[in-house]
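J.: After the structure tokens below, expect a handful of questions from me.
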Amino acid sequence: MPGAGSRGPSAGDGRLRLARLALVLLGWVSASAPSSSLPSSSTSPAAFLASGSAQPPPAERCPAACECSEAARTVKCVNRNLLEVPADLPPYVRNLFLTGNQMTVLPAGAFARQPPLADLAVLNLSGNHLKEVGAGAFEHLPGLRRLDLSHNPLTNLSAFTFAGSNVSVSTPSPLLELILNHIVPPEDQRQNGSFEGMVAFEGMVAAALRSGLALRGLHHLELASNHFLYLPRDLLDQLPSLKHLDLRNNSLVSLTYASFRNLTHLESLHLEDNALKVLHNSTLAEWQGLAHVRVFLDNNPWVCDCYMADMVSWLKETEVVPDKARLTCAFPEKMRNRGLLDLTSSDLDCDATLPQSLQTSYVFLGIVLALIGAIFLLVLYLNRKGIKKWMHNIRDACRDHMEGYHYRYEINADPRLTNLSSNSDV
């Protein structure tokens, strides 16, 4: 039919126009979409479907009592009253803060995990009430570079804490920085009383630091605020790589037993706020022999007498002590607050007069001896008659003895008297 024939071509043209419009729209969408959202021409349909259906990998779990940041690779478990190290620490952790908890004991293998915490580099365990750290407590941490055990009252620090639990094999520790500030236990928790307990505590710390070859790579060591009286003789012998040593705010009265000769890389030594009174020539010579060291000595009670002369001369010539201009005398009273660099040889004398306390002691002793002497004389006076009679008896006895002696001598001297004596005897 004519009508049907006329509608056919117009309908076909309409469908063709719609198809062209659809192709144009599809091309515009393809051009505006990101190239990464479309599969490449070399990707098969099966691969495209697989990639479209794949899910992102699940995030690592975070312990319930902690805060985790995978981007910063940091885990913080702060003030959570934890009794032990969380078991489900994420393996990506590089910085771990376990502070302000209630972990009194840190046993061997406390950080052993599967998979291991191979990237853990910074570990802060300060303020956890730790009393005991076992041998090999930090094993299985091959990347550990900084360890902070400050503000824990350690009564039992194993000699193999940093060396590993296998005591027959000395395993080098990866540690570069070790912070042990204020780890001294309270006085009532020290063994064998106060002084003996301090000596035992110093020996315990020294044993942990010199265990085998464990810490020979250590660069930074802090031992501030531990009430040390003396440094153990071999405390620093196994730390040849040490660059920074912090001993401030202790009670050090002398460095006689310490040796710094082996610390050839030492750059800074902090001895502020101790009880040092004078430094001897042996210590000064060791410091002068270290090429790069800087020693800080402020806030010590220096005694400015004749024993200080060598130290004052050394201070005036050396550049080892950056704060030498701030060093002042604490004793004797007449020299208080005078700068060490301002002293001359005439100022540094040993006063022959005794200290006031010693003078008082001698006066008291003299009074006691005088009283004893007075009592003795009084006893003699009260017994003067008896003493006089006793002396008369002694005199009479001596006289009788001497008369008998003279009589026998006269008889023996005269032969006639001798014969007479013999005949009379017969």
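Here the Cβ of each residue, glycine as well, is placed from N, Cα and C on the backbone.
So Swiss-Prot lists these for the protein:
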type	residues	note
COMPBIAS	34-51	compositional bias 'Low complexity'
DOMAIN	53-91	domain 'LRRNT'
MOD_RES	SER424	phosphoserine
REGION	34-54	region 'Disordered'
REPEAT	92-113	repeat 'LRR 1'
REPEAT	116-139	repeat 'LRR 2'
REPEAT	141-163	repeat 'LRR 3'
REPEAT	172-210	repeat 'LRR 4'
REPEAT	215-238	repeat 'LRR 5'
REPEAT	239-261	repeat 'LRR 6'
REPEAT	262-281	repeat 'LRR 7'
TOPO_DOM	32-361	topological domain 'Extracellular'
J.: By DSSP assignment, list the helix, strand and coil residue numbers for the domain 'LRRNT' (53-91), in that order.
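T.: Helix, strand, coil within the domain 'LRRNT' (53-91): 1 helix, 8 strand, 30 coil.
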J.: Take the C-beta pairs under 8 A between the repeat 'LRR 7' (262-281) and each of 92-113, 172-210, 215-238. Which stretch has the highest count?
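T.: Answer, by Cβ pair count: 215-238.
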J.: Given a Cβ distance threshold of under 8 angstroms, which distant residues of the chain, six or more beyond its ends, lie next to the repeat 'LRR 1' (92-113)?
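T.: Apart from its flanks, the repeat 'LRR 1' (92-113) reaches 60, 68, 70, 72-85, 119-141, 143, 165.
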J.: For the repeat 'LRR 1' (92-113), how many residues does DSSP put in helix, in strand and in coil?
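T.: When I sort the residues of the repeat 'LRR 1' (92-113) into the three classes, I find 0 helix, 7 strand, 15 coil.
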J.: Just to be sure I understand, if DSSP states are collapsed into helix, strand and coil, how many residues of the repeat 'LRR 7' (262-281) fall in each?
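T.: For the repeat 'LRR 7' (262-281), the helix, strand and coil counts are 1 helix, 3 strand, 16 coil.
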